[in-house]
Amino acid sequence: WEFNGSFYQPSAFLMMGIPGLEALHPWLSIPFCALYLAALLGNCGILFIIGRTPSLREPMYYFLSMLALTDLGLALCTLPTTLGLLWFNVRTIAFDACLTQMYFIHILSFIESSVLLAMAFDRFVAISHPLRHPAILTESTVLKIGLAIVLRGTVSLLPIPFLLKRLTYCGRTELSHSFCFHPDIMNLACADIKVNVFYGMVVLLSTVGMDFVFIVLSYILIIRTVVSLTTREECLKALNTCVSHICAVLVFFIPMIGLSMIHRFGRSVPPLVNTLVAYTYLTIPPALNPIIYSIKSTHIREALLRALCRKRG
């Protein structure tokens with residue numbers, strides 16, 4: 001422990017693995033390695049294909065590039081500590097390093113939520129106003145949206161590390177996961193955390209919460225437009241362009257909402273459930289999103305096949 005003026009601050013936190021399954025950590029590292037490998041290769045592949053294919057220079061694929069970059073960042077944020085714990089039983093993480101990891105995990109989560117909202121808006125404009133779509137979502141507009149997304153996530157979460165550093169920690173240092181979460185660190189303090197709780201809830205509801213509401217609203221408007229189409233084939237074709245995005249939204253928001261509920265209201269939830277939901281939230285979306293878009297997007301699939309054929313040739 002380090003004494004700093006009027007409060008105590010731990011020099012490091014102790015990360016926990018999967019409760020009750022500590023003896024199986026080397027075996028459990030195998031599926032985690034597969035997920036991280038899929039996330040790294042898949043998202044790098046998406047970025048490579050979009051960057052090398054001129055026909056994919058469209059708003060939908062620009063936003064998909066943003067999603068791939070965000071997923072790549074999320075995977076890289078948690079990979080060192082998770083595999084370090086599972087492979088080498090490295091359980092300690094320095095206090096400042098923990099705050100840094102937490103900050104980037106939350107920023108990237110908020111950015112992913114905002115990118116999914118931007119993709120929903122793109123689908124709404126493409127289906128409801130197809131002729132005006134290129135004029136509304138120009139390259140400069142997409143760039144401005146991307147910068148606004150990054151700026152919103154960075155600024156809204158900037159006070160969080162400082163709010164945690166002001167707290168007094170005088171007891172437990174065990175984190176619930178192999179990475180750092182704001183509620184997890186906050187609950188280890190023995191000081192008044194009302195400000196942290198209030199600010200965390202306000203930021204979560206005003207960013208991710210609002211994103212989810214607007215995504216749902218976008219799809220209500222999309223369904224209204226699709227229903228008004230004359231033929232069944234047109235309806236199915238319009239909805240088919242949204243399938244990948246809907247899957248990405250569900251894969252991201254379901255575990256995120258579940259984890260938020262557990263951290264705030266699930267005191268009696270078994271630790272294993274809490275841990276599994278957290279790992280699902282941070283490892284499954286980065287691994288599945290490239291697969292979802294590669295399967296459902298004909299343009300991505302054709303570009304991928306062309307790249308593979310070129311290499312073989």
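If you go along the chain as it appears here, the first residue is 1 and each next one adds 1.
Using the three backbone atoms N, Cα and C, a Cβ is placed for every residue, glycine included.
What TrEMBL lists as domain 'G-protein coupled receptors family 1 profile' is 42-293. Look at TrEMBL and you will find 27-50, 62-88, 100-121, 142-164, 197-222, 243-264, 276-295 tagged as transmembrane segment.
Counting Cβ pairs closer than 8 Å and at least 6 residues apart in sequence, the transmembrane segment (62-88) and the transmembrane segment (142-164) reach three or more and so form a contact. Counting residues 6+ beyond its ends, the transmembrane segment (243-264) has Cβ neighbours under 8 Å at 67, 109, 112-113, 116, 119-120, 123, 181, 183-184, 201, 204, 208, 212, 215, 219, 273-274, 277-278, 280-281, 284-285, 288-289, 292-293, 296-297 in the same chain.
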